[in-house]
Amino acid sequence: MEIIVEPGKFVIFTGPMFSGKTTELLKTARLYKIANKTIYIFKPKLDNRYEEDAICTHNKEAMSSLEINNLDDILPYLANRNFCVDAIFIDEYQFVKNGLHTILLDLCEKHGIDIYISGLALDSYRNPFEEMVNILPYGEVITFKAVCSMCKRFNALFTYRKSTKNKDQVCVGGSEIYEARCGSCYRK
């Protein structure tokens with residue numbers, strides 16, 4: 001007799017920097033912990049802004065996490081528990097290499113694991129981050145807005161890089177490099 005596993009939730013938090021994506025991810029993880037659920041929290045090694053072994057918000061809220069380079073790095077942790085895990089949380093998903101959505105879909109649909117991801121869909125030049133764009137069609141997408149650093153309205157959907165010295169798509173940093181802007185102010 002085949003056991004039918006109910007699919008897990010698949011939730012994606014996206015929006016510009018300073019919009020509360022990581023805060024919401026950690027808030028959700030804390031609720032799972034309060035409910036005594038088994039969870040794993042991951043972040044890409046590339047995100048070296050605050051702490052090596054923790055996900056941190058810009059307001060310095062933090063939770064312990066495990067560093068990964070790609071999605072395959074998650075599987076041994078889950079396999080050690082025979083995939084008996086209630087939820088996994090991944091911050092800064094745009095930096096995860098080999099972001100094969102099939103891995104996450106299998107964890108969600110075959111094993112019933114809830115998946116929560118946060119990350120930027122667009123870089124500071126408003127070009128898509130491939131890993132995020134590839135995963136968006138498969139989850140419940142919650143888009144956050146930030147306060148525009150220029151006009152101070154709560155309508156910022158974009159991350160603006162203050163300095164153009166480094167033109168690479170990925171330039172890890174915080175408020176010293178980036179700010180949130182609405183579409184009108186982004187063009188100024």
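Using the three backbone atoms N, Cα and C, a Cβ is placed for every residue, glycine included.
TrEMBL annotations: computationally assigned, not manually curated.
Over in TrEMBL, the protein carries these features:
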| type | residues | note |
| --- | --- | --- |
| ACT_SITE | Glu92 | active site, proton acceptor |
| BINDING | Val170, Cys171, Val172, Gly173, Tyr178 | substrate binding site |
Between the recorded positions Glu92, Tyr178, where is the Cβ count within 10 Å the lowest? Tyr178
Do you know offhand how many angstrom separate the residue listed as 'active site, proton acceptor' and Tyr178 (substrate binding site) by C-alpha? 15
Tyr178 (substrate binding site) -> DSSP, reduced to three states, gives strand
